[in-house]
Amino acid sequence: MTDMFSLLFMQRALLAALLVGVTAPSIGIYLVQRRQALMGDGIGHVALTGIGLGLFFQTSPVWMAVVVCVAAAVVMELVRSRGNQSGDIALAMLFYGGMACGRLLVSKAPGASGAGGSLDSYLWGSILAMEDSDVVTIAALGAVVLAVTLGLRRQLFAVCQDEEFAKVTGLPVRLLNLLLAVMAAVTVTVAMRVVGVLLVSALMVVPVAAAQLLTRSFRATQALAVAIGVLVSVGGVVTSYQADVPPGSAIVLLAIACFAVFTVLAAPLARRRYRDPAAVTGTELPIPVQSGAAAGSGGGKGLAQ
Amino acid sequence: MTQPTRPPAPVRLTAAHASLGGRPVLRGVDLTVAPGEVVALLGGNGSGKSTTVRSVIGAVPLTGGERELFGVPGARFRDWHRIGYVPQRTTAAGGVPATVREVVATGRLAQHGLLPFRRRDKAAVARALEAVGMLDRAGDGVADLSGGQQQRVLIARALVGEPELLIMDEPMAGVDLASQRVLADTLRRQVARGAAVLLVLHELGPLEPLIDRAVVLNEGRVRQDGPPAAPDHVHPHADRTQGLFA
């Protein structure tokens, strides 16, 4: 067990897992809030074209994926903000086209032997394929994503909670939406080396889904989701090493197990929560009287208390 | 602007035209809300009430006519902190849990924008929650509240910036009696403070004593504009709207 940590490739993989575990849920929460949980999945499909381009031109597949994913995310955001009905089909074309194009490019890539073992590592993640430059890239991009998702938490929360209201507060809503889409795209490329493009969205969504079973506030949900993300990512990489399975599968199955455990835990908690409001609802009738009194005394009553 | 002695009207729509999905919804609406005035927008379903207020805030673009907010053409208006908006809504909850305090705090973004949330913002949130009688529920999840309580949260969110103009789209829809009384009390205090109010209503109901002027819309045009209790003529759709003045 301990010798695992002395291996250079495992040190890289664990560091990457840690970074991805923090980053993916911290942006995923906004997508879930906006009921766009599958957006990461769509970007993941398109990322394949970037990887294909990278392998075909023998440049960095990760950076190529960043470029292609950012472009795709901007298109997705523009389609979403227009809100027109054919948008759904347009997105479907984008996703399928991205996937097909990616596989095509990989098959024509120079030096790709057969179906390409390297493609497999992008699809499901790999702990062996990580290089120093990958870890540096993941750290740099992850830092940018975290700066945005944590630094602009209130602004992004407002935009995802109620876009029309956010506009009336004078926030640059269109810019924030684009920023969110671009950050989601960057996160997909950051996470893809560890969990793989096919499962990248799961790490953005499942920890959030699990966390919100136990929380009431957005802030606590984000914190707990990040904790779960780190736990399952690091746990998944360790499992991958021990059991010789792809890290993506291990990470996602661990996350789903976490969701299942939380579901069981949440049932008694929800019962208690429903009892709480019931107790307070009992005082609902006197409230108008209270506020009427507050109005009479110039509204200062509550502050004096 | 040309008359600096008189403050400009918070809302002025002139011959406003707007379409939704290519279908004309507003066909020349004139609407003014003076400082401190409480105006109710009435009319049947599809008369263009909601589209009118949504075009006032710029959520629906005008295809013709003019829009001014506080004397500034709509496209150049930046003083969003002067406006509090309560959208038409059945729920205040999003896809992720959020507390009452977190939702109300978003109303303060007009003040702090991209800067951090500070102590005075926190105090303003507490005051707004107190005003709607929801301070004791500040830490609860909005999804756990009743419809009326959620509506009170959305109104607190609009009040948190202490706006000069309050725009509310059907604030009484689906709201229990207790919450309706809280809302009426809250509105009364806002009017006493000097805020102008533009309200979309299905019926005047408990808010009637507060309303200075009722504007009745029909098929995207203003059919009537005057004091709420005195319809000056009977129009073809009187059967639908007359009951409102009873």
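Here the Cβ of each residue, glycine as well, is placed from N, Cα and C on the backbone.
Taken from TrEMBL as is:
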| type | residues | note |
| --- | --- | --- |
| TRANSMEM | A:52-76 | transmembrane segment |
| TRANSMEM | A:88-106 | transmembrane segment |
| TRANSMEM | A:135-152 | transmembrane segment |
| TRANSMEM | A:173-191 | transmembrane segment |
| TRANSMEM | A:197-214 | transmembrane segment |
| TRANSMEM | A:223-243 | transmembrane segment |
| TRANSMEM | A:249-270 | transmembrane segment |
Sort out the residues at least 6 away from either end of the transmembrane segment (A:52-76), same chain, that have Cβ-Cβ distances under 8 Å to it, and list them.
39, 42-43, 46, 91, 94, 98, 101-106, 108-112, 116, 118-119, 122, 133-134, 137, 141, 178, 181-182, 184-186, 188-189, 192-193
Between A:88-106, A:197-214, A:223-243, who has the most Cβ pairs under 8 Å to the transmembrane segment (A:173-191)?
A:197-214
Segment-segment contact (the transmembrane segment (A:249-270); the transmembrane segment (A:197-214)) at 3 or more Cβ pairs under 8 Å:
yes
What same-chain residues lie close to the transmembrane segment (A:135-152): Cβ under 8 Å, and 6 or more beyond its ends?
12, 15-16, 19-20, 22-23, 26-27, 30, 60, 62-63, 66, 176, 179, 183, 186-187, 189-190, 193-194
Contacting positions for the transmembrane segment (A:223-243) when only residues 6+ beyond its ends and CB under 8 Å are counted
4, 10, 13-14, 17-18, 20-26, 28-29, 127, 194-195, 203, 207-208, 210-212, 214-215, 250-255, 258
